[in-house]
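Peer 1: Submitted below is the structure of interest, expressed as structure tokens.
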Amino acid sequence: MGEESLRSRKGEDKGKEDIQSIRSHEPPTTKLQKQMGLLSGICMIVGTIIGSGIFVSPKSVLANVGAVGPCLTIWAACGILATLGALCFAELGTMITKSGGEYPYLMEAFGPVPAFLFSWTSLLVTKPSSFAIICLSFAEYASAPFYPGCDPPQVVIKCLAAAAIVVITIVNSLSVKLGSYLQNFLTAAKMIIVTIIITSGIVLLAQGKTGNFTDAFKDSKVSVSSISLALYNGLWAYDGWNQLNYITEELKNPYRNLPLSIIIGIPLVTVCYVLINISYFTVMTSTELLQSQAVAVTFGDRVLYPASWIVPLFVAFSTIGSANGTCFTAGRLVYVAGREGHMLKVLSYISVKRLTPAPAIIFYGAIAIIYIIPGDIDTLINYFSFAVWIFYGLTILGLIVMRFTRTELRRPIKVPIMIPVAVMLVSVLLVLAPIVSAPELAYLYCLLFILSGLVVYLPFVHFKFNWPQKISKPITIHLQMLLEVVPAEEATE
């Protein structure tokens with residue numbers, strides 16, 4: 001009996017050793033990894049905000065206010081408003097530490113319907129079409145040197161833009177670190193051209209090129225309508241101030257790094273934008289700036305010749321960096337919407353080997369490529385951009401509401417209540433301004449599209465009809481095997 005008991009114990013011990021051995025060789029948990037620190041967070045904000053806008057068309061702000069002084073004031077005011085809005089999002093992001101930007105905040109504050117309508121509008125129109133526009137801007141700058149004296153063919157521009165989308169999608173599907181490192185590199189590259197333009201402007205000011213700043217407010221067109229539209233255009237250049245909230249689950253120590261990245265990143269962008277505009281006005285009058293097709297290129301031709309080729313090269317870097325940041329963050333919105341059952345479930349799956357939301361990123365890239373096919377989608381962006389501020393305002397309203405309805409939630413950061421109230425009022429103004437100043441049926445169509453999401457929500461999400469699940473199940477299984485993805489494990493905080 002003693003020998004049998006000893007053997008039994010040895011067998012149990014051996015079994016325990018085998019189990020421990022198996023566990024030691026288990027793959028890492030399949031959930032998004034916290035791989036982004038403070039520097040990567042700052043680079044994500046700066047790199048996503050500074051795209052092609054500040055280099056190509058700051059004239060949209062000037063066209064609305066008509067003079068140098070109000071123009072510079074508007075750029076500074078937009079930076080302050082973006083910072084205040086981002087501080088509100090910092091409170092939301094540290095209170096609800098989920099990726100997906102506005103989506104989880106709307107879900108917590110108002111329930112699934114507003115959250116679904118946000119994801120419906122963002123994933124099908126605003127974000128992929130913006131991604132496409134940024135890549136088209138990159139393609140125009142990248143192909144221009146090969147077609148001196150004429151515009152590059154549209155086929156070349158579209159093929160190059162599609163190639164850029166494919167490369168960015170692959171990079172972000174392969175590795176979070178690779179996408180983050182690429183963002184850091186491209187942000188450093190765009191800061192080089194920003195530094196060159198600002199330094200040149202300071203040198204020119206020191207040399208006495210101040211003629212365009214005398215009587216800076218003369219001939220200005222200041223009215224509620226003009227200021228609203230100028231703010232609207234300026235804030236479009238600052239768009240991206242909330243991008244870090246889309247990747248909260250991948251931030252190391254989000255309670256510290258999310259607010260710090262915002263406090264450092266957005267004021268840095270504001271200072272750069274104001275100084276860049278000052279530099280432009282050292283060599284161009286208001287009339288010349290309004291007539292310029294690409295303001296930074298005109299500046300480079302006048303100041304940096306014969307090294308003016310630097311400007312289009314680094315603007316190309318800048319646009320591809322903004323596109324990379326947009327893809328990196330928007331892919332997480334697709335992932336979170338899929339996780340909540342508001343999109344195909346496979347979109348919430350994680351790559352077993354790469355630990356990235358590969359299906360969500362690939363879906364986002366595919367939609368963006370579709371938007372490259374039409375001839376001109378700038379008009380579409382203009383009509384839908386005011387929809388972005390509808391959801392910004394609704395999200396900030398959610399922050400105010402949750403101050404009273406969700407008092408039990410931990411708030412590591414708590415901004416004064418007047419800040420979200422002010423941002424919400426401005427968002428209402430920005431939504432109403434284009435409709436009042438230039439009413440068009442297109443705005444009504446946009447609202448109808450947003451509400452049309454209810455037609456999809458009721459049968460597929462709310463009532464969960466069986467036949468769509470029967471169709472999607474075999475597709476999900478095949479995609480799982482093809483992409484080697486599995487459902488994400490629940491994140492533990």
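Just so it is clear, glycine is given a Cβ too, placed from its N, Cα and C backbone atoms.
Bear in mind that TrEMBL entries carry predicted annotations, made automatically and left uncurated.
Model, not experiment: these values are computed from the prediction.
According to TrEMBL, the protein carries these features:
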COMPBIAS  1-28  compositional bias 'Basic and acidic residues'
REGION    1-29  region 'Disordered'
TRANSMEM  36-55  transmembrane segment
TRANSMEM  67-93  transmembrane segment
TRANSMEM  155-176  transmembrane segment
TRANSMEM  188-206  transmembrane segment
TRANSMEM  260-283  transmembrane segment
TRANSMEM  309-335  transmembrane segment
TRANSMEM  355-374  transmembrane segment
TRANSMEM  380-405  transmembrane segment
TRANSMEM  417-436  transmembrane segment
TRANSMEM  442-463  transmembrane segment
Peer 1: Using a Cβ-Cβ cut-off of under 8 Å, list the residues of the same chain that are 6+ residues beyond the ends of the transmembrane segment (67-93) and lie near it.
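Peer 2: Beyond its ends, the transmembrane segment (67-93) has Cβ neighbours at 58, 61, 105, 212-213, 216-222, 227, 230-231, 234-235, 237-238, 241-242, 244-245, 248, 254, 258-259, 262-263, 266-267, 269-271, 273-274, 277-278, 281, 286, 392, 395-396, 398-399, 411, 413-415, 419-420, 422-423, 426.
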Peer 1: Using Cβ atoms and a strict cutoff of less than 8 Å, what residues sit near the transmembrane segment (260-283) while being 6 or more residues removed from its termini?
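Peer 2: For the transmembrane segment (260-283), the far contacts come to 38, 41-42, 44-46, 49-50, 54, 58, 68, 71-72, 75-76, 78-80, 82-83, 86-87, 89-90, 194, 197-198, 200-202, 204-205, 209-210, 212-213, 237-238, 241, 244, 289, 295, 299, 302-303.
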Peer 1: Counting Cβ pairs under 8 Å that sit 6 or more residues apart, are there three or more between the transmembrane segment (355-374) and the transmembrane segment (380-405)?
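Peer 2: Taking Cβ pairs at least 6 residues apart, the transmembrane segment (380-405) and the transmembrane segment (355-374) are not in contact, as fewer than 3 fall under 8 Å.
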Peer 1: Quick check: do the transmembrane segment (155-176) and the transmembrane segment (309-335) share at least 3 Cβ pairs under 8 Å, counting only pairs 6+ apart in sequence?
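Peer 2: Taking Cβ pairs at least 6 residues apart, the transmembrane segment (309-335) and the transmembrane segment (155-176) are in contact, with 3 or more under 8 Å.
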Peer 1: Tell me, please, if the transmembrane segment (380-405) and the transmembrane segment (309-335) are in contact, taking contact as 3+ Cβ pairs under 8 Å between residues separated by 6 or more positions?
Peer 2: no
